[in-house]
Amino acid sequence: MCCKGPCIKRMETLLQQLTHGNALFLILVLGLGGSFQAGFHITGLSSPSPYIQRFINSSWHDRYEEPPQPQTVTMIWSLIVSMFAVGGLLGAVSVKFISGLLGRKKAVICNSFITVLAAGFMLASKNVNSFEMIIVARFLFGYSAGLGMNTHLIYLGEISPRKTRGIVTLTSATFTSLGKVSGQMFGLTEILGREDTWNILLCVPALFSFVQIVVLPFFPETPRYLLIEKGDDKACKKALQSLWGQGDYQQEMDEMLTEQAAIEAAPPVSLLQLLRDRTVRWQLITISTIYCCNQLSGMSTVSTFSYDIFLEAGIPKKKIRYITLGLGVAEILTSLTCGLLIELTGRRPLLFGGYGVMSACWIFVTVTLNLKDSSYWVPYITVSLMVVFIMFFCGGPGGATPTLNSELFIQSNRMASLVLTGLQRWFMFAVMGLVFPFLIDALSSYLFLLFACVCMLGSLYTFFLLPETKGKTLLEISEEFKAITVCGKSFAEETRTETRL
């Protein structure tokens with residue numbers, strides 16, 4: 001009870017700050033036009049997948065007057081899936097250039113125009129009988145998602161005072177989960193998950209982008225951008241008052257200048273400089289391994305190809321969309337409780353324990369898929385295992401991984417590490433989207449043993465090599481990484497040898 005009072009008081013103070021100005025409304029507009037879009041497109045393609053593949057067949061037949069080979073349909077479908085990630089990769093790379101060139105607000109508005117353009121291609125594809133337009137639309141949607149997720153985070157970080165920055169930026173993950181559930185919900189047959197409306201389903205996020213185009217010009221540019229980039233302290237103060245209510249805000253403006261001075265004293269390193277720095281080599285190997293294990297664990301395929309997976313499991317077609325919606329709800333509920341688990345147990349147990357249970361789930365899924373015809377209830381065991389898998393991913397590696405970047409790297413290294421993990425995330429997503437349809441055709445249920453091996457690798461690595469970061473300073477964490485030795489050698493010793501030479 002002793003800590004409950006301050007927690008409630010802090011929450012009440014935050015709610016008062018959000019409602020005194022326009023900040024709450026701006027957070028909603030940014031979220032629906034930002035990370036919500038990426039979440040929607042990750043799951044939104046699962047429900048209409050059989051309709052799109054039939055459209056590819058009919059479009060090819062009308063054009064060449066012969067049915068396409070099954071491998072051709074699979075290749076085109078793989079391109080449709082993976083082009084979203086290819087666009088996302090390019091969007092994530094271009095965020096620094098575009099946000100610096102246009103400013104934060106104009107960059108977000110420009111990104112919304114790209115989403116609307118992509119929706120135009122998607123809507124027209126069915127009328128002109130062109131699957132190529134679907135590929136173009138998916139690429140543009142992906143570019144918009146990659147650019148939008150990053151500009152969304154930048155905007156949130158720069159509109160919020162230091163004391164509320166953490167909880168405000170956390171809304172980005174909330175809108176991503178909301179987008180995933182919305183993609184599954186709109187994909188229900190009763191809403192837009194039908195053969196005559198699948199192209200409209202994939203354009204739903206563009207409605208929120210259009211709203212953002214109309215509404216966002218009435219909001220101010222980010223206060224930090226106005227003060228640091230433009231040097232306009234009056235406009236900065238006016239923006240803070242518009243967002244957070246009337247006040248002096250001199251302390252907040254001084255903190256922005258202090259933070260900027262600290263950044264200039266230790267300027268951010270480039271990605272190449274970070275990769276060459278032997279003092280953070282174990283940190284780089286660790287965060288790269290964890291991000292790769294996350295992307296190759298099977299979670300992204302469950303989100304994107306859930307219809308195909310449950311069809312393979314023997315679930316009746318009419319029930320699949322409701323089951324995927326239930327998976328989305330389980331993901332949101334687990335994500336909301338993960339914050340409490342992180343501070344209670346620490347990061348390391350969530351990582352190696354989560355990966356271990358996920359590996360076991362995939363092994364049992366392989367068994368149940370091979371026994372699906374033995375009884376009517378076996379496919380529902382597969383569904384239960386999927387739910388357990390999602391809960392341990394969201395409550396384990398999926399929830400603990402985002403905190404590692406700020407805990408493993410100093411301020412000057414964080415931007416480069418974010419770029420590295422962003423490139424890995426989108427690249428792995430593109431690879432999985434391209435090869436998964438071929439793998440499931442070739443390996444059938446035994447494909448999930450590959451995911452089990454990746455999860456087991458993540459569990460073993462984090463158990464034996466990842467130090468606990470809970471309650472430790474960056475210096476303490478760095479010293480633990482320096483103490484890691486493989487075959488009696490460490491990167492720290494190599495660095496000292498090079499220095500002496």
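Backbone N, Cα and C define each Cβ position, glycine as well.
Here TrEMBL flags 21-40 (among others) as transmembrane segment. The list of residues near the transmembrane segment (21-40) in space but at least 6 beyond its ends in sequence, with Cβ under 8 angstroms from a Cβ of it, reads 88, 108, 111-112, 115, 141, 144-146, 148-149, 151-153, 155-156, 159-160, 168, 171-183, 204-205, 208-209, 211-212, 215-216, 219, 241-245.
Taken from TrEMBL, the feature domain 'Major facilitator superfamily (MFS) profile' applies to 27-470.
Residues annotated as transmembrane segment in TrEMBL: 75-95 (among others).
What TrEMBL lists as transmembrane segment is 107-125 (among others). Distant neighbours of the transmembrane segment (107-125): 30, 33-34, 37, 95, 98-99, 101, 131-134, 136-138, 140-141, 143-144, 147-148, 151-152, 155, 199-200, 202-203, 205-206, 209-210, 212-213, 216-217; these residues of the same chain sit at least 6 beyond its ends, with a Cβ under 8 Å from one of its Cβ atoms.
Remote same-chain residues near the transmembrane segment (131-155) are listed as 30-31, 33-35, 37-38, 41, 52, 55-56, 59-60, 76, 79-81, 83-95, 98-99, 104-105, 107-108, 111-112, 114-115, 117-119, 121-122, 124-125, 169, 172, 175-176, 202, 205, 209, 222, 422, 426 (criterion: CB distance under 8 Å, separation of at least six residues from the stretch ends). Marked as transmembrane segment by TrEMBL: 131-155 (among others).
The transmembrane segment annotation in TrEMBL covers 198-219 (among others).
The transmembrane segment feature in TrEMBL is assigned to 322-342 (among others).
The list of residues near the transmembrane segment (349-371) in space but at least 6 beyond its ends in sequence, with Cβ under 8 angstroms from a Cβ of it, reads 290, 293, 297-298, 312-313, 338, 341-342, 378-379, 381-382, 385-386, 388-389, 392-393, 395-401, 444-446, 448-449, 451-453, 455-456, 458-460, 462-463, 466. Annotated transmembrane segment per TrEMBL: 349-371 (among others), in sequence order.
The feature transmembrane segment is assigned by TrEMBL to 377-395 (among others). For the transmembrane segment (377-395), same-chain residues at least 6 beyond its ends with a Cβ under 8 Å from one of its own Cβ atoms are 294, 297-299, 302, 309-310, 313-315, 323, 326-327, 330-331, 334-335, 337-338, 341, 350, 353-354, 357-358, 361-362, 364-365, 368-369, 371.
Summarising the annotation, TrEMBL assigns transmembrane segment to 416-440 (among others).
What TrEMBL lists as transmembrane segment is 446-466 (among others).
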Ask   = Taking the domain 'Major facilitator superfamily (MFS) profile' (27-470) alone, what is its mean pLDDT?
value = 86
